[in-house]
């Protein structure tokens, strides 16, 4: 059962409570390339991104934040490290949320300056704890970025913001070690009702990043923990959005769009099952129908495995049996089984 946290409004998206889990990504174009950032932001929005983060290394870079915000209709988060004045500049241009890393933002006076700017404009702050940049005294105490160390860092900065009468807060507590990250989120969720941004940081190359994020983020969601997610990949941010929705779908959350399932095939397979499944998925990109489509390799297990699909085929030599809602309807034959199948999908 999902652990309900307090609601926080980020632009036109509200997270926490019973609101849908929001999928985030982060632009990776050099910040000085404003045109490139705007173009990538538009692609992310088209891919379904719901909250978009943009780095802002210096106050002058707030102009990139402003340009991106004016170009899309999704909330923009400014990612701030080291220079608190960059956060102030982003607040001035109307950013929707500010993410600060408590390990490197500076002393309490600088944090208060950021808090005051956000308070005036009702801008939430994400406390973004990262296992790779914990405060020196916490690392000295624990000897490593343990779950307890990360939770202590997060709660210290929560209390700091609360001391300044600020509670418009989101928390993340990321680590590249999946078991450590998961335990940290468990401990944190048990002691706070602020909404949690869940992710695995520095997850690795694309393939390993998908695996680690699927296990870490998916595992947390299955435990009821998480209000917004970001899949960190060494890839274009649109791929992160796609992966985020796939994780949500895999753990059972309703996601708009089709899901294509297929079997791994075996020696019984007598038609191009994998190729057809890949092509079906490709042709259904952009489709908003929430349907499950099955492409199964043979008639031995295929019908049973596809029983919960809305529509599916189980192939044989030169033919495939069409199933709709688990019931056999007819045979598709000839060289254009794929096209025939797509026609049936579009009829749903």
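Heads up, the Cβ atoms here are built off N, Cα and C, so glycines get one too.
Any TrEMBL annotation is an automated prediction that lacks curation.
Database features, via TrEMBL:
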- 6-244: domain 'IspG TIM-barrel' (DOMAIN)
- 259-345: domain 'IspG C-terminal' (DOMAIN)
- 263, 266, 298, 305: [4Fe-4S] cluster binding site (BINDING)
Non-site residues, in chain order, whose CB comes within 8 A of the mean position of the CB atoms of 263, 266, 298, 305 at [4Fe-4S] cluster: 264, 265, 268, 269, 273, 296, 297, 300, 301, 302, 314
Neighbouring C-beta atoms (10 Å sphere around the C-beta of residue 305 ([4Fe-4S] cluster binding site)): 17
C-beta crowding around residue 266 ([4Fe-4S] cluster binding site), within 10 angstroms: 11
DSSP-derived class (H/G/I helix, E/B strand, else coil) of residue 305 ([4Fe-4S] cluster binding site): helix
Spatial neighbours, same chain, of residue 263 ([4Fe-4S] cluster binding site) - Cβ under 8 Å, 6+ residues apart: 273, 296, 297, 301, 302, 305
Neighbourhood of residue 298 ([4Fe-4S] cluster binding site), C-beta criterion under 8 angstroms, separation at least six: 266, 268, 269, 270, 314, 315, 316
